[in-house]
Every structure is written in structure tokens, then in C-alpha cells.
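Listed in TrEMBL:
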- 67-270: domain 'ABC transmembrane type-1' (DOMAIN)
- 21-43: transmembrane segment (TRANSMEM)
- 63-90: transmembrane segment (TRANSMEM)
- 102-125: transmembrane segment (TRANSMEM)
- 145-163: transmembrane segment (TRANSMEM)
- 203-229: transmembrane segment (TRANSMEM)
- 249-273: transmembrane segment (TRANSMEM)
Amino acid sequence: MSSSKHSSNQLRVGDSPLVKWLLIGLTLFLTAILLVVPLIAIFQQAFMEGAAHYFNSLIEADTLHAIGLTLVVAALTVPINLVFGVMLAWAVTRFEFPGRKLLMTLMDIPFAVSPVVAGLLYLLLYGNNGWIGSWLYDQDIQLMFAWPGIVMVTVFVTCPFVARELIPLMQQQGREDEEAAVILGASGWQLFRRVTLPNIKWALIYGVILTNARAVGEFGAVSVVSGNIRGETNTLPLLVQAQYEDYQAAAAFASASLLAMIALLTLLLKAFIEWRQERSLKIEAEKERQVTQ
């Protein structure tokens, strides 16, 4: 009896309008302080010397080079991890083999290891005096302190995103549709293109968006292997730091505003994909309901 009364009291306290609005207000306050205000401050500081100075900062040679290098790194990283993520997800969800669980654990290494540590490891391996880099140096192949090294570490830190989006979905969907397609004579490519890909397309796009966002904004690993050579190996995040350290605050915030706009675009695309996924699930549920009636 007392236990039932205690539970009832807890329920009434939890449903109290005061508690409800206190939690909502605290959540909104923290969201504003931690997320919205800093975002507004970036654009306010970027335009603090006027719109002309803002746009002039964006067309400086170093800024244009950093933007171009950032786009090149993302353009190379995303397709590599797209192919790798699909292969990895297919392998661990469609086949049973020794070391499968270990492979799924190793997949999360980039999440567990600091990007700075990852950069140091690549420098140890592929630097001019590294285990592999010394041989590459003799062959006149430069990886570290050049754009190939930036791409390598960016691929490393972003490699789990696509696979981690696909694996739960592919496990949930099972193999029935694919097995039916094989029985009907579908080839491997037809199986993937006509059966698997339509079922995973939104998760795949979501993984690509996350990969691209992280590739564009990566700082730690890139700062280690790039050498921070302004006008040569500085990506956009590195340029922001370099400009700020050179007391070019307005230029630094102008460059940072580009990264902020990419982040906002990523959030909009993320919301759109989640809406499409939810809509697709509702349509499928409605079709199943009509079939069962």
C-alpha cells in the first residue's frame, strides 16, 4: 500500500507543471548558452569590420587555397569511406567468419583514439624517418607534410561513419529479400543495385553527410601530419587557428563562419533525411496494414 502511494507521489511530482517547465527552461537555456550564442558570435565577429572586409578576407590567396584543399580532401575522403563502409557493413552482416566480432570492435578505433594520437601514429609510420616513410622517401614519395597525408588521416578518423549507419539497418532488415532475388537469378551487382541499395539509401546518405562534415572540420590529426604550412598544407580549420594566432581575428572568424555554415547545412540535411526515413517507415507500415486487412 505504501509502495503504491510512493509511486503515485513520484508520478504526480514528475507531472508537475513547475517541474515540467523548469526542465524545459533549463534545457533551452543551456542550448542557447552552449550552442546558439557561440554560433551567433561567430558571424557577429566575422562581420565586425564590415561586409567588405568579410568578403575580402574570404578571397585572400591563403583562404582560397585552404578552401580548395579542404574540398579536395573531402572529395577524396568521402568516396573512399563510402566504398569501405559498404564493404565492411556487407561483410559483417551477410557473412559469418572467424574474427567478425573483432572486426566490428576494431571499426570503432577512430572513435576511441584521439585524432592527435592518430596523426602521430601516421607520422611514425609514414614520416621521412618512419618505418615505411623512410623507404618512401628514398623513392621520392612524400606523404607526410603534404596533401596525401592529410587525406590518409582524414580517411582514418572518418572511416566508421558509413559502416556504423549501415550495419544496424542491414541487420534489422535481414537477408530474405536478397535471398529471394538470388533465387530469381539476380547477379551480385543486380542484387546490390535493385534490392540492397534501395533499402539502405537513406542510411547511406546520412553516413556520407556525417563523413563529409567530419572531413571538412577535422583539426587534430591534420595539424600533426600537415606541418601547418600556410598556403600549402593548411586546411580551413588550420587556417582559422593560424589567422587567430596572427591577430587577424576578423579574418579568422570569417573563415570560421564558412565552417559554421557547413555545420548548419549538415544539420538541415540530417533533419531532412530523418524526416524522409520516418515518412518511408510510415508508408511501409500503412502498406503492411492494408495487406493484412
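Positions of Cβ are set from backbone N, Cα and C atoms, glycine also.
Bear in mind that the values here come from a model prediction, so they are computed numbers and not experimental data.
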Against the transmembrane segment (145-163), which of these stretches has the most C-beta pairs under 8 Å: 21-43, 102-125, 203-229? 203-229
Most Cβ pairs under 8 Å with the transmembrane segment (63-90), selected from 21-43, 102-125, 203-229: 203-229
Below 8 angstroms Cβ to Cβ, which residues of this chain, lying six or more residues outside the transmembrane segment (102-125), approach it? 88, 91-92, 131-133, 144, 149, 152-153, 156-160, 163-164, 167, 218-225
